[in-house]
């Protein structure tokens, strides 16, 4: 039975995974386990060299140069140790992905559109990693300078399991865990690997069944069946779409998460099932945990967060969702999506504050 071709993200990553990325991830696993067994002290540098080689192989020397240039510029700007300047640099670098002349130049580097999109997705994710490192550099004490060097930035930026699509892991977590040296246990790692592969294979089979049998995205791409459907049917379609999105990311984040575990790191928690969620706040906290930690640490809290006045909380939340919308592409529908999510979070938090008033509680 033919599959629903309308979910670009799933088809795209599965195709790349089968062709090259899974083989490169297997190579990373081999290098990682050998370095943990033989040269634990030099593991970050072994993985850095492997990640750079894998980047060169997939994206070519020009794609590799773009990512290296972004890292070098971010590191140079971070030397001023000004968070505002670092954010300005990050936004400018991110905006270069949307300049038509730059896009056309990059497209000419590759023979297929899929190769160009791989560079685009990779650079957009690397921008977040460069931002995380640069802000941590701005905040670190002079005594910690050796742990925030340019080689450590490259080890973080070129760490291959999270290279193309995440999940996001902040630099402070990455560096602490990567420096931690633990006893290497072959049996323990082997059991983690086998159980992890079985779980990911089950999720992949479930996603393939959904995309071959349900045709959720094909229905959404045509106005006629949606106009004739009842409200109950539309609700069912919406639930089916978000459930597929959840299963899809169990696979897309599950594979790199398993490799993080094999490297002795603690990956961000996998997405929580959307059927268990009933609030915008919980959705943002527990679906993409790595992105949530990034947004809270580098945007929401520095802008005041929940500890500031009502206006400050509204502003910090708005800036957080504005960045999410811009990073995802900045198209008009993404601004609407971000605004609706912002409104949902504000209404929920406002309701909680009202219900926490003692007079309201007494009335209830």
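Glycine is no exception: its Cβ is also placed from the backbone N, Cα and C atoms.
According to TrEMBL, the feature transmembrane segment maps to 20-39, 46-69, 75-95, 116-135, 150-169, 190-211, 231-252, 310-328.
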Do the transmembrane segment (116-135) and the transmembrane segment (46-69) share at least 3 Cβ pairs under 8 Å, sequence separation 6 or more?
yes
Below 8 angstroms Cβ to Cβ, which residues of this chain, lying six or more residues outside the transmembrane segment (231-252), approach it?
7, 9-10, 13, 165, 200, 203-204, 206-207, 210-211, 214, 216-217, 219-220, 270-271, 273-275, 287-288
Using Cβ atoms and a strict cutoff of less than 8 Å, what residues sit near the transmembrane segment (20-39) while being 6 or more residues removed from its termini?
13, 46-47, 50-51, 54, 57-58, 160-161, 164, 184, 189, 255-256, 259, 262-264
Could you pull out which residues elsewhere in the chain have a CB under 8 Å from any CB of the transmembrane segment (46-69), counting only those six or more residues past its ends?
20-21, 24, 27-28, 31-32, 35, 39, 106, 109-110, 115, 118-119, 122-123, 126, 151, 154-155, 157-160, 163, 263
